[in-house]
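Written out below as structure tokens is the structure these notes cover.
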Amino acid sequence: MSDADSLSCSLTLESDEYDEEEYDTNLSKLLENKTLNWIFVGGKGGVGKTTTSCSIAVQLAKRRESVLLLSTDPAHNTSDAFNQKFTNQPTLINSFDNLYCMEIDTTYSENTAFKLNKTEFFDSIIPELLQSFPGIDEALCFAELMQSIKNMKYSVIVFDTAPTGHTLRLLAFPELLKKALGYLISLREKLKGTLNMLKSFTNNEVELEGIYEKINHLNAMSISIQSNFQNPLKTTFVCVCIPEFLSVYETERLIQELTKKNISCYNIVVNQVVFPLDCPTVNVSHCEGLLKQIKDKKIQESFSSLVQKTKELEDVYISRRKLQSKYLTQIKNLYGNDFHIVCMPQLKSEIRGLENISNFSEMLLESKDIPIYRSEG
């Protein structure tokens, strides 16, 4: 059975033994956790990651001394969310004195520290040695980036990450670096003899010790970053999804990968959830009885049209709730005993501007039952 098949199967599991939710259905515990330094927010594209990460950052600003919201998503939606332009330098968000935002590019940079000593030999040989490690250039850039972030003096950093596939690649970089740099270190003695021989025949000055000092530094840095990732007291991941198949599927894939990499994850935010409406359903037969009592033909036609449209809207609403309930049930059965599952309502308009983000952030603190649709029949 393929990984995709096994994941698909896991999404159809139902638990007959499921009783009460043991975990709160809000993010209060996450926000009150004073030991966390890094909070990653991720999921499929278009599920509300940026809105969720911005809201978490706003709430943390009420509880922590200094907060940085850091976007690693190439789309950089944080500027649009706050209606404020951000750059690759921390910028204070309007109306705050302790909440900053920056938008960075995690792709390869010419400034990565692995551009060690400019020698023709080094520049030609080292890339050849690393060809067996695809993505190493991005990994090196990521290591430099994470080391810089680690040295920043913020109480907590909230990462608004790119869609799932890109995020999983980033999370794999520390292990990739560990393998690649370990490979170079293991070649030290062989390289030393080769370089000394080359030096005796050429005028190239190859500072081997300086090169390996840099390699050892990068290796120590990657180990430190991986250690930070795997420390549940310092780092956690918040998964964001919507109650649709592809989103739930990617959430399961993300959680499995996080588990393999020993990265803490115990919060799931489910956005765009249609909650029950506090209004009576349309009783068509009752309406038809009322219709017969109306003598005015125009009023009768208008009333009939209104009843029909109302019934159509109700059918759409019920269909939507039934479809969402299928995936909400799967989310509840798969994660209800181990995760804080927070259902956020489908809203009338997009979340933009500080006021709307603040209002949305308050809803992250409210406990709400997972709204599974149950027909009265």
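Every residue, even glycine, has its Cβ placed from backbone N, Cα and C.
Among Asn219, Asn267, Asn271, only Asn271 appears in Swiss-Prot as part of the ATP site alongside Lys44, Gly45, Gly46, Val47, Gly48, Lys49, Thr50, Thr51, Glu244. DSSP assigns Lys44 (ATP binding site) to coil, not to a helix or a strand.
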